[in-house]
Amino acid sequence: MIECLRNLSTRVEILLLLYGFSYMFEGSITTNFLLYRTCYVTLGYNIDDCYLLGTKYANNRTKELETKVQTYTTYIIMSKSLIEAFIAPLFCFLLAAWSDKYGRRPLMLFGLTGLLMSYVVMTVVSSLPYISPWYFLLHEIPFCIFGSKISLLAACISYVADTVPEENRGIRLGFLEATSNIGMLIGTTSCSYIFTAFGYNTIYVICATCQFLAWMFTWFCIEESLNVDESERKWSSLIQLSPIKETMMMIFRRRENNNRTVLLCIFGVVVIFMGGKYSNSSVIFLYLREKFTWSLEDYTLFVAFSLLTWIILCVVCIKVLVNIMRIKETTTIIIALLLNTSGYLVQGFANATWQIYGAACLLSIGSCVAPLSHLLLSKLVPKEEIGRLYAAMVSFDSISLLLGSTLNTFIYNQTIAFIPQGFNFVTAIIYALSLTLAM
(Lines of atoms letter the chains of each structure in order from A and count residues from 1; the text may use other names and numbers.)
(Lines give C-alpha, C1' and ligand atoms only; values in the text may rest on other atoms or scores of the structure.)
Protein backbone atom coordinates (compact mmCIF):
# COMPACT_ATOMS: atom_id res chain seq x y z
CA MET A 1 0.00 0.00 0.00
CA ILE A 2 2.88 2.35 0.81
CA GLU A 3 4.31 1.73 -2.65
CA CYS A 4 0.95 2.62 -4.15
CA LEU A 5 0.84 5.84 -2.18
CA ARG A 6 4.33 6.75 -3.40
CA ASN A 7 2.79 7.25 -6.84
CA LEU A 8 1.29 10.36 -5.22
CA SER A 9 4.73 11.55 -4.14
CA THR A 10 4.33 15.00 -5.71
CA ARG A 11 0.62 15.47 -5.03
CA VAL A 12 0.77 18.16 -2.38
CA GLU A 13 -2.81 19.00 -3.34
CA ILE A 14 -3.87 16.28 -0.88
CA LEU A 15 -2.42 18.31 1.99
CA LEU A 16 -4.34 21.42 0.96
CA LEU A 17 -7.49 19.35 0.43
CA LEU A 18 -7.35 18.20 4.06
CA TYR A 19 -6.38 21.66 5.30
CA GLY A 20 -9.14 23.35 3.31
CA PHE A 21 -11.65 20.85 4.68
CA SER A 22 -10.58 21.48 8.28
CA TYR A 23 -10.45 25.26 7.84
CA MET A 24 -14.06 25.54 6.69
CA PHE A 25 -15.34 22.57 8.71
CA GLU A 26 -14.61 24.46 11.92
CA GLY A 27 -14.72 28.07 10.63
CA SER A 28 -18.36 29.07 11.03
CA ILE A 29 -18.77 26.52 13.85
CA THR A 30 -16.02 28.28 15.79
CA THR A 31 -17.77 31.64 15.35
CA ASN A 32 -20.96 30.02 16.62
CA PHE A 33 -19.04 28.40 19.50
CA LEU A 34 -17.56 31.74 20.58
CA LEU A 35 -21.00 33.38 20.42
CA TYR A 36 -22.54 30.57 22.47
CA ARG A 37 -19.76 30.41 25.08
CA THR A 38 -19.58 34.22 25.39
CA CYS A 39 -23.34 34.40 25.86
CA TYR A 40 -23.69 32.14 28.90
CA VAL A 41 -20.17 32.12 30.42
CA THR A 42 -18.90 35.68 29.93
CA LEU A 43 -22.14 37.67 29.78
CA GLY A 44 -24.12 35.37 32.08
CA TYR A 45 -27.29 34.94 30.03
CA ASN A 46 -29.54 31.89 30.24
CA ILE A 47 -27.83 28.91 28.65
CA ASP A 48 -31.03 27.72 26.96
CA ASP A 49 -31.49 31.09 25.24
CA CYS A 50 -27.82 31.12 24.25
CA TYR A 51 -28.11 27.67 22.69
CA LEU A 52 -30.69 29.01 20.22
CA LEU A 53 -28.36 31.68 18.82
CA GLY A 54 -27.87 31.22 15.08
CA THR A 55 -30.44 28.42 14.76
CA LYS A 56 -33.79 28.33 13.00
CA TYR A 57 -35.43 28.10 16.42
CA ALA A 58 -34.37 31.63 17.43
CA ASN A 59 -37.07 33.72 19.14
CA ASN A 60 -37.53 37.38 20.05
CA ARG A 61 -35.43 36.91 23.19
CA THR A 62 -32.45 35.53 21.27
CA LYS A 63 -32.73 38.28 18.66
CA GLU A 64 -32.28 40.82 21.44
CA LEU A 65 -29.23 38.92 22.69
CA GLU A 66 -27.68 38.68 19.23
CA THR A 67 -26.39 42.25 18.95
CA LYS A 68 -25.00 42.32 22.51
CA VAL A 69 -23.22 38.98 22.17
CA GLN A 70 -21.91 39.73 18.67
CA THR A 71 -20.29 42.97 19.81
CA TYR A 72 -18.28 41.22 22.55
CA THR A 73 -17.42 38.18 20.41
CA THR A 74 -15.89 40.29 17.65
CA TYR A 75 -13.16 41.34 20.09
CA ILE A 76 -12.18 37.71 20.65
CA ILE A 77 -12.15 37.14 16.89
CA MET A 78 -10.08 40.29 16.38
CA SER A 79 -7.57 39.16 19.04
CA LYS A 80 -7.26 35.82 17.27
CA SER A 81 -6.56 37.58 13.97
CA LEU A 82 -4.01 39.88 15.62
CA ILE A 83 -1.99 36.96 17.01
CA GLU A 84 -2.05 35.04 13.73
CA ALA A 85 -1.11 38.06 11.64
CA PHE A 86 1.99 39.23 13.51
CA ILE A 87 3.46 36.28 15.40
CA ALA A 88 3.00 33.33 13.02
CA PRO A 89 4.65 35.14 10.04
CA LEU A 90 7.84 35.75 12.06
CA PHE A 91 8.31 32.04 12.68
CA CYS A 92 7.39 31.28 9.08
CA PHE A 93 10.12 33.63 7.79
CA LEU A 94 12.69 31.59 9.71
CA LEU A 95 11.29 28.25 8.55
CA ALA A 96 10.95 29.29 4.88
CA ALA A 97 14.50 30.65 4.66
CA TRP A 98 15.71 27.38 6.15
CA SER A 99 13.64 25.37 3.63
CA ASP A 100 15.27 27.09 0.63
CA LYS A 101 18.51 25.40 1.71
CA TYR A 102 17.34 22.23 3.41
CA GLY A 103 14.08 21.24 1.72
CA ARG A 104 10.34 21.82 1.40
CA ARG A 105 9.21 18.61 3.07
CA PRO A 106 10.27 19.62 6.62
CA LEU A 107 8.44 22.93 6.17
CA MET A 108 5.24 21.02 5.35
CA LEU A 109 5.71 18.85 8.44
CA PHE A 110 6.28 21.90 10.64
CA GLY A 111 3.08 23.51 9.40
CA LEU A 112 1.02 20.35 9.83
CA THR A 113 2.41 19.79 13.33
CA GLY A 114 1.25 23.26 14.34
CA LEU A 115 -2.21 22.71 12.89
CA LEU A 116 -2.55 19.30 14.56
CA MET A 117 -1.57 20.62 17.99
CA SER A 118 -3.80 23.66 17.52
CA TYR A 119 -6.87 21.50 16.87
CA VAL A 120 -6.02 19.32 19.87
CA VAL A 121 -6.11 22.44 22.07
CA MET A 122 -9.45 23.45 20.53
CA THR A 123 -10.80 20.00 21.35
CA VAL A 124 -9.76 20.29 24.99
CA VAL A 125 -11.21 23.80 25.43
CA SER A 126 -14.52 22.85 23.80
CA SER A 127 -14.76 19.88 26.18
CA LEU A 128 -14.79 22.16 29.24
CA PRO A 129 -18.28 23.73 29.25
CA TYR A 130 -17.75 26.57 31.73
CA ILE A 131 -14.31 27.82 30.73
CA SER A 132 -14.05 31.37 29.36
CA PRO A 133 -14.05 31.70 25.54
CA TRP A 134 -10.79 33.66 25.85
CA TYR A 135 -9.03 30.36 26.69
CA PHE A 136 -9.82 29.32 23.14
CA LEU A 137 -6.92 31.56 22.08
CA LEU A 138 -4.47 29.08 23.65
CA HIS A 139 -4.56 27.16 20.38
CA GLU A 140 -2.63 30.06 18.85
CA ILE A 141 0.56 29.03 20.71
CA PRO A 142 1.38 25.93 18.60
CA PHE A 143 -0.26 27.57 15.59
CA CYS A 144 2.24 30.45 15.68
CA ILE A 145 5.39 28.60 16.76
CA PHE A 146 5.21 26.17 13.83
CA GLY A 147 4.02 28.68 11.24
CA SER A 148 1.05 26.38 10.59
CA LYS A 149 -1.06 27.40 7.59
CA ILE A 150 1.51 29.97 6.40
CA SER A 151 4.28 27.36 6.41
CA LEU A 152 2.05 24.78 4.74
CA LEU A 153 0.85 27.10 1.97
CA ALA A 154 4.34 28.48 1.27
CA ALA A 155 5.81 24.96 1.18
CA CYS A 156 3.15 23.61 -1.21
CA ILE A 157 3.41 26.56 -3.62
CA SER A 158 7.22 26.34 -3.56
CA TYR A 159 7.02 22.58 -4.14
CA VAL A 160 4.96 23.10 -7.29
CA ALA A 161 7.39 25.78 -8.50
CA ASP A 162 10.27 23.32 -7.92
CA THR A 163 8.74 20.30 -9.65
CA VAL A 164 6.46 21.53 -12.47
CA PRO A 165 7.74 22.89 -15.82
CA GLU A 166 6.92 26.54 -16.51
CA GLU A 167 4.47 25.79 -19.33
CA ASN A 168 2.30 23.65 -17.01
CA ARG A 169 2.86 25.59 -13.81
CA GLY A 170 -0.08 27.98 -14.17
CA ILE A 171 -2.77 25.30 -14.45
CA ARG A 172 -1.09 23.25 -11.67
CA LEU A 173 -1.18 26.27 -9.35
CA GLY A 174 -4.81 26.69 -10.37
CA PHE A 175 -5.49 23.06 -9.41
CA LEU A 176 -3.73 23.73 -6.10
CA GLU A 177 -6.15 26.59 -5.44
CA ALA A 178 -9.11 24.52 -6.65
CA THR A 179 -8.19 21.51 -4.51
CA SER A 180 -8.01 23.65 -1.39
CA ASN A 181 -11.46 25.01 -2.19
CA ILE A 182 -12.85 21.52 -2.85
CA GLY A 183 -11.82 20.67 0.70
CA MET A 184 -13.49 23.87 1.88
CA LEU A 185 -16.64 22.93 -0.03
CA ILE A 186 -16.82 19.49 1.58
CA GLY A 187 -16.16 20.99 5.00
CA THR A 188 -18.80 23.67 4.57
CA THR A 189 -21.57 21.36 3.36
CA SER A 190 -21.00 18.77 6.07
CA CYS A 191 -20.16 20.83 9.17
CA SER A 192 -23.68 21.89 10.18
CA TYR A 193 -24.98 18.30 10.00
CA ILE A 194 -22.08 16.89 12.03
CA PHE A 195 -22.40 19.75 14.51
CA THR A 196 -26.16 19.21 14.94
CA ALA A 197 -25.65 15.48 15.51
CA PHE A 198 -22.50 15.47 17.66
CA GLY A 199 -21.67 18.98 18.91
CA TYR A 200 -18.59 21.18 19.00
CA ASN A 201 -16.14 18.64 20.40
CA THR A 202 -16.54 16.20 17.52
CA ILE A 203 -15.92 18.98 14.99
CA TYR A 204 -12.46 19.66 16.42
CA VAL A 205 -11.62 15.97 16.80
CA ILE A 206 -12.32 15.45 13.08
CA CYS A 207 -10.13 18.45 12.19
CA ALA A 208 -7.27 17.10 14.30
CA THR A 209 -7.64 13.70 12.63
CA CYS A 210 -7.40 15.29 9.18
CA GLN A 211 -4.15 17.05 10.08
CA PHE A 212 -2.75 13.82 11.50
CA LEU A 213 -3.55 12.02 8.23
CA ALA A 214 -1.93 14.84 6.25
CA TRP A 215 1.17 14.62 8.46
CA MET A 216 1.42 10.86 7.94
CA PHE A 217 0.94 11.23 4.19
CA THR A 218 3.73 13.81 4.03
CA TRP A 219 6.08 11.70 6.12
CA PHE A 220 5.62 8.48 4.16
CA CYS A 221 4.70 9.62 0.65
CA ILE A 222 5.91 13.12 -0.25
CA GLU A 223 9.39 13.17 -1.77
CA GLU A 224 11.75 16.09 -1.29
CA SER A 225 11.76 18.48 -4.28
CA LEU A 226 15.28 19.85 -3.66
CA ASN A 227 18.56 17.96 -3.79
CA VAL A 228 19.33 17.92 -0.09
CA ASP A 229 21.65 15.77 1.98
CA GLU A 230 19.64 15.17 5.15
CA SER A 231 22.82 14.60 7.15
CA GLU A 232 23.91 18.18 6.41
CA ARG A 233 20.73 19.83 7.70
CA LYS A 234 21.51 22.39 10.40
CA TRP A 235 18.56 22.53 12.76
CA SER A 236 20.27 25.18 14.88
CA SER A 237 19.93 27.67 12.01
CA LEU A 238 16.17 27.67 12.60
CA ILE A 239 16.58 30.03 15.54
CA GLN A 240 18.69 32.63 13.71
CA LEU A 241 16.98 35.96 13.04
CA SER A 242 19.11 36.93 10.03
CA PRO A 243 16.76 35.23 7.49
CA ILE A 244 14.07 37.84 8.25
CA LYS A 245 16.42 40.68 7.28
CA GLU A 246 17.71 38.74 4.25
CA THR A 247 14.18 38.09 3.00
CA MET A 248 13.22 41.76 3.27
CA MET A 249 16.38 42.76 1.40
CA MET A 250 15.58 40.15 -1.25
CA ILE A 251 12.16 41.69 -1.84
CA PHE A 252 13.41 45.26 -2.26
CA ARG A 253 16.79 44.81 -3.93
CA ARG A 254 17.40 46.02 -7.50
CA ARG A 255 16.79 43.52 -10.30
CA GLU A 256 17.34 43.46 -14.04
CA ASN A 257 14.76 44.81 -16.52
CA ASN A 258 12.90 46.75 -13.83
CA ASN A 259 11.85 43.43 -12.28
CA ARG A 260 11.90 44.88 -8.77
CA THR A 261 8.96 47.13 -9.63
CA VAL A 262 7.10 44.19 -11.19
CA LEU A 263 7.79 42.03 -8.14
CA LEU A 264 6.55 44.72 -5.74
CA CYS A 265 3.39 45.20 -7.82
CA ILE A 266 2.73 41.44 -7.73
CA PHE A 267 3.18 41.48 -3.95
CA GLY A 268 0.88 44.48 -3.64
CA VAL A 269 -1.87 42.96 -5.77
CA VAL A 270 -1.88 39.59 -4.00
CA VAL A 271 -1.55 40.98 -0.48
CA ILE A 272 -4.36 43.51 -0.95
CA PHE A 273 -6.55 40.98 -2.77
CA MET A 274 -6.16 38.21 -0.20
CA GLY A 275 -6.57 40.65 2.67
CA GLY A 276 -9.79 41.94 1.15
CA LYS A 277 -11.09 38.45 0.39
CA TYR A 278 -10.59 36.88 3.81
CA SER A 279 -11.02 39.93 6.05
CA ASN A 280 -14.77 39.72 5.44
CA SER A 281 -14.94 36.21 6.85
CA SER A 282 -14.97 37.50 10.44
CA VAL A 283 -18.12 39.59 9.93
CA ILE A 284 -19.98 38.28 6.85
CA PHE A 285 -21.68 35.53 8.90
CA LEU A 286 -22.72 38.09 11.51
CA TYR A 287 -23.94 40.51 8.81
CA LEU A 288 -26.07 37.91 7.03
CA ARG A 289 -27.59 36.86 10.35
CA GLU A 290 -28.33 40.47 11.24
CA LYS A 291 -29.80 41.70 7.94
CA PHE A 292 -31.31 38.56 6.40
CA THR A 293 -31.82 36.52 9.63
CA TRP A 294 -29.88 33.60 8.16
CA SER A 295 -29.34 30.50 10.27
CA LEU A 296 -26.11 28.50 10.30
CA GLU A 297 -27.65 26.13 7.73
CA ASP A 298 -28.48 29.05 5.40
CA TYR A 299 -24.95 30.37 5.71
CA THR A 300 -23.25 27.03 5.06
CA LEU A 301 -25.39 26.54 1.94
CA PHE A 302 -24.32 29.97 0.68
CA VAL A 303 -20.63 29.30 1.40
CA ALA A 304 -20.90 25.94 -0.40
CA PHE A 305 -22.32 27.68 -3.46
CA SER A 306 -19.56 30.31 -3.32
CA LEU A 307 -16.84 27.68 -3.07
CA LEU A 308 -18.29 25.62 -5.92
CA THR A 309 -18.33 28.61 -8.28
CA TRP A 310 -14.85 29.58 -7.04
CA ILE A 311 -13.47 26.12 -7.90
CA ILE A 312 -15.06 25.98 -11.35
CA LEU A 313 -14.11 29.51 -12.37
CA CYS A 314 -10.54 29.14 -11.08
CA VAL A 315 -9.79 26.26 -13.45
CA VAL A 316 -11.91 27.65 -16.31
CA CYS A 317 -10.35 31.11 -16.22
CA ILE A 318 -6.78 29.82 -16.25
CA LYS A 319 -7.40 27.06 -18.80
CA VAL A 320 -9.55 29.07 -21.21
CA LEU A 321 -8.28 32.63 -20.88
CA VAL A 322 -4.58 31.96 -20.33
CA ASN A 323 -3.82 28.55 -21.86
CA ILE A 324 -6.25 28.50 -24.80
CA MET A 325 -6.98 32.15 -25.65
CA ARG A 326 -3.42 33.19 -24.73
CA ILE A 327 -4.56 36.26 -22.82
CA LYS A 328 -1.73 37.63 -20.69
CA GLU A 329 -1.74 36.77 -17.00
CA THR A 330 -1.77 40.46 -16.05
CA THR A 331 -4.80 41.17 -18.25
CA THR A 332 -6.69 38.24 -16.72
CA ILE A 333 -5.87 39.50 -13.23
CA ILE A 334 -7.16 42.99 -14.09
CA ILE A 335 -10.46 41.58 -15.41
CA ALA A 336 -10.87 39.46 -12.26
CA LEU A 337 -10.20 42.39 -9.92
CA LEU A 338 -12.65 44.61 -11.81
CA LEU A 339 -15.42 42.03 -11.44
CA ASN A 340 -14.53 41.49 -7.77
CA THR A 341 -14.90 45.19 -7.04
CA SER A 342 -18.33 45.07 -8.68
CA GLY A 343 -19.22 42.00 -6.62
CA TYR A 344 -18.69 43.76 -3.31
CA LEU A 345 -20.77 46.71 -4.46
CA VAL A 346 -23.61 44.33 -5.35
CA GLN A 347 -23.26 42.60 -1.98
CA GLY A 348 -23.38 45.96 -0.22
CA PHE A 349 -26.52 47.16 -1.99
CA ALA A 350 -28.27 43.76 -1.79
CA ASN A 351 -31.79 43.66 -0.40
CA ALA A 352 -32.63 40.07 -1.33
CA THR A 353 -30.98 36.68 -1.00
CA TRP A 354 -30.64 36.16 -4.77
CA GLN A 355 -28.55 39.34 -4.96
CA ILE A 356 -26.13 37.93 -2.37
CA TYR A 357 -25.76 34.83 -4.55
CA GLY A 358 -25.25 36.99 -7.64
CA ALA A 359 -22.47 38.87 -5.87
CA ALA A 360 -20.85 35.53 -5.00
CA CYS A 361 -20.67 34.67 -8.72
CA LEU A 362 -18.87 37.94 -9.48
CA LEU A 363 -16.48 37.44 -6.58
CA SER A 364 -15.62 33.91 -7.75
CA ILE A 365 -13.94 35.32 -10.87
CA GLY A 366 -11.18 36.43 -8.50
CA SER A 367 -10.20 32.80 -7.92
CA CYS A 368 -7.53 33.08 -10.61
CA VAL A 369 -5.75 36.10 -9.10
CA ALA A 370 -3.58 34.26 -6.55
CA PRO A 371 -2.41 31.33 -8.75
CA LEU A 372 -1.64 33.61 -11.71
CA SER A 373 0.30 35.97 -9.44
CA HIS A 374 2.25 33.02 -8.03
CA LEU A 375 2.98 31.95 -11.62
CA LEU A 376 4.31 35.42 -12.51
CA LEU A 377 6.49 35.41 -9.40
CA SER A 378 7.96 31.98 -10.22
CA LYS A 379 8.98 33.29 -13.66
CA LEU A 380 10.57 36.38 -12.17
CA VAL A 381 12.93 35.07 -9.47
CA PRO A 382 15.51 32.24 -9.28
CA LYS A 383 14.60 28.91 -7.72
CA GLU A 384 16.74 29.43 -4.62
CA GLU A 385 14.69 32.51 -3.66
CA ILE A 386 11.21 31.21 -4.35
CA GLY A 387 10.50 29.67 -0.93
CA ARG A 388 11.33 32.80 1.03
CA LEU A 389 9.40 35.05 -1.33
CA TYR A 390 6.29 32.84 -1.25
CA ALA A 391 6.53 32.72 2.55
CA ALA A 392 6.85 36.51 2.66
CA MET A 393 3.83 36.87 0.39
CA VAL A 394 1.68 34.54 2.50
CA SER A 395 2.90 36.28 5.68
CA PHE A 396 2.03 39.71 4.31
CA ASP A 397 -1.35 38.25 3.35
CA SER A 398 -1.92 37.49 7.03
CA ILE A 399 -1.00 41.01 8.08
CA SER A 400 -3.25 42.43 5.36
CA LEU A 401 -6.04 40.13 6.55
CA LEU A 402 -5.58 41.44 10.09
CA LEU A 403 -5.74 45.07 9.01
CA GLY A 404 -8.79 44.41 6.85
CA SER A 405 -10.45 42.26 9.50
CA THR A 406 -9.81 44.84 12.22
CA LEU A 407 -11.15 47.61 10.02
CA ASN A 408 -14.22 45.57 9.03
CA THR A 409 -14.87 44.57 12.65
CA PHE A 410 -14.65 48.20 13.76
CA ILE A 411 -16.92 49.39 10.92
CA TYR A 412 -19.42 46.60 11.55
CA ASN A 413 -19.62 47.34 15.28
CA GLN A 414 -20.10 51.05 14.62
CA THR A 415 -22.72 50.61 11.89
CA ILE A 416 -24.58 47.45 12.96
CA ALA A 417 -27.62 49.47 14.07
CA PHE A 418 -28.18 51.45 10.85
CA ILE A 419 -25.99 50.20 7.94
CA PRO A 420 -24.48 46.76 8.75
CA GLN A 421 -23.43 46.27 5.11
CA GLY A 422 -20.99 49.21 5.22
CA PHE A 423 -17.91 46.97 5.37
CA ASN A 424 -18.68 45.76 1.82
CA PHE A 425 -18.09 49.24 0.43
CA VAL A 426 -14.78 49.49 2.28
CA THR A 427 -13.69 46.19 0.71
CA ALA A 428 -14.71 47.48 -2.74
CA ILE A 429 -12.41 50.47 -2.22
CA ILE A 430 -9.57 48.14 -1.17
CA TYR A 431 -10.07 46.06 -4.32
CA ALA A 432 -10.03 49.22 -6.44
CA LEU A 433 -6.57 49.94 -4.98
CA SER A 434 -5.40 46.44 -5.94
CA LEU A 435 -6.81 47.00 -9.44
CA THR A 436 -4.77 50.21 -9.74
CA LEU A 437 -1.56 48.33 -8.88
CA ALA A 438 -2.34 45.61 -11.44
CA MET A 439 -2.69 48.20 -14.18
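From the backbone N, Cα and C atoms, a Cβ is placed for every residue, glycine too.
Keep in mind that what you see is a predicted model, and the values were worked out from it rather than measured.
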Checklist outcome for this item: Range annotated transmembrane segment in TrEMBL (choices 12-36, 137-161) is 12-36
Next on the checklist: Against the transmembrane segment (299-321), which of these stretches has the most C-beta pairs under 8 Å: 12-36, 75-97, 418-438?
Outcome noted: 12-36
Item to check | Distant-in-sequence neighbours of the transmembrane segment (261-279), which means Cβ under 8 A and at least six residues beyond its ends | outcome: 251-252, 255, 333, 337, 340, 363, 366, 369-370, 373-374, 376-377, 380-381, 389, 392-393, 396-397, 399-401, 403-405, 407-408, 427, 430-431, 433-434, 437-438
